[in-house]
Amino acid sequence: MALNDKREIPNPTMNLGASVRVNKCGVCVLMTLMVMVVFLYKYGNNTEFKREVVSLRSLLSAAIDAAERGGRVVYDVREAATLHEQSKGKTKEGANDPVTDGDIKSHLTMFFSLQKSFPAIKIISEEHSLSDVDVSSVSPAALIHPEVTAAIVEDQMVPAGDIRVWIDPLDATQEYTENLKEYVTTMVCVAVRGHPTIGVIHKPFSKSTAWAWVGKGVSPALRQTGNQGVIKNDIARIIVSRSHAGDVKTVATAAFGEKTEVIPAGGAGYKTLAVVEGKADAYVHSTAIKKWDLCAGNAVLFALHGNMTTLGGDHLDYGSQEEYKNEGGVLATLTNHSYYLQKLQVLGIKTPKAG
């Protein structure tokens with residue numbers, strides 16, 4: 001460098017402050033990343049935040065497998081006479097609400113077999129799992145079923161967050177304790193965005209299974225139904241609950257005439273199938289009932305172009321675990337739903353208010 005060159009030689013210490021100045025934009029990015037990491041760690045296993053897509057055909061197969069496996073447990077407990085019956089208390093109508101080893105063991109089998117096959121799906125059961133129960137021996141529910149493979153050609157993929165699975169590990173527990181085996185069922189229902197879409201109703205003691213997928217297909221047992229929904233000889237056959245009858249018998253007679261045949265039976269699953277099979281024209285229930293009792297039968301009826309509503313004519317929504325109770329009564333028919341609904345509403349029956 002020439003002696004008369006006036007350019008300054010850079011001093012390496014002159015911009016030291018600038019070199020360590022905090023980059024606000026970078027800090028914001030870093031903090032955002034940290035928040036995201038904490039969020040994913042805390043909520044990563046929550047089904048509401050998962051975007052996993054589920055095959056409904058595989059879920060139908062799993063539902064059938066779970067219902068039948070639960071049914072085998074129910075059968076074994078009853079045959080061994082090891083029910084260990086307890087009471088969950090009284091219903092609003094004063095009826096005993098029992099629970100047995102059959103309920104609990106079937107729940108463990110059905111709930112965890114489905115959960116292991118579909119961990120991202122929300123499953124809602126009538127019973128609850130104990131925290132210290134070992135379920136390592138419960139294998140995942142099967143994703144392939146021969147009846148489904150034969151009947152369902154086209155699959156449907158649905159986000160896991162849109163699905164709610166409702167299970168009833170043992171419907172008609174009261175009748176189960178009384179050894180009235182014909183009324184007992186195990187049920188699984190798949191609701192998509194609140195709509196009952198897949199229904200499985202298994203009868204453990206006759207070892208028969210009815211299943212349906214709305215708009216896709218039904219089981220061989222449902223392809224021929226005997227009920228046309230027409231009142232014969234001016235006699236309506238109304239099936240009602242034997243343990244939660246409420247005022248249904250009085251209501252049915254007033255609505256359909258003194259000749260009305262009122263059929264008391266146990267279990268919502270059994271009563272819905274009785275309508276489908278032509279053993280009754282309508283299933284009427286006038287008191288509160290849980291949605292795990294109804295969802296599977298609701299889906300079966302929808303698949304067969306039947307209907308299930310409250311006594312006020314509203315369809316049931318199965319999208320929320322918190323709203324698990326239906327306070328509006330039930331009317332289930334295969335055909336002529338509006339006729340039965342109108343007859344009941346002429347009496348001034350409206351959807352009861354919750355409470």
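Cβ coordinates are placed from backbone N, Cα and C, and glycine is handled just like the others.
Whatever TrEMBL says is automated annotation, not expert-curated.
Feature annotation from TrEMBL assigns transmembrane segment to 20-41.
Sequence-distant neighbours of L170 (Mg(2+) binding site) (same chain, 6+ apart, CB under 8 A from its CB) are G70, V74, T100, G102, D103, S106, H107, Y176, V184, T186. Positions annotated as Mg(2+) binding site by TrEMBL: E126, D168, L170, D171, D293.
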TODO: Starting from the Mg(2+) site formed by E126, D168, L170, D171, D293, give every other residue of that chain whose CB sits within 8 Å of the mean position of their CB atoms, in sequence order.
DONE: I167, P169, A172, T173, T185, T186, M187, G267, A268, G269, K290, W292
- [ ] With a 10 Å radius around each C-beta, find which of these binding-site residues (E126, D293) has the fewest other C-beta atoms nearby.
- [x] E126
- [ ] Using Cβ-Cβ distances, find the residues under 8 Å from D168 (Mg(2+) binding site) that belong to the same chain and are at least 6 apart in sequence, listing them in sequence order.
- [x] S125, E126, T185, T186, M187, G269, W292, D293, A296
Open item on the list: Among all protein chains shown, how many Cβ atoms are found within 10 Å of the Cβ of D171 (Mg(2+) binding site), not counting that one?
Closed with: 27
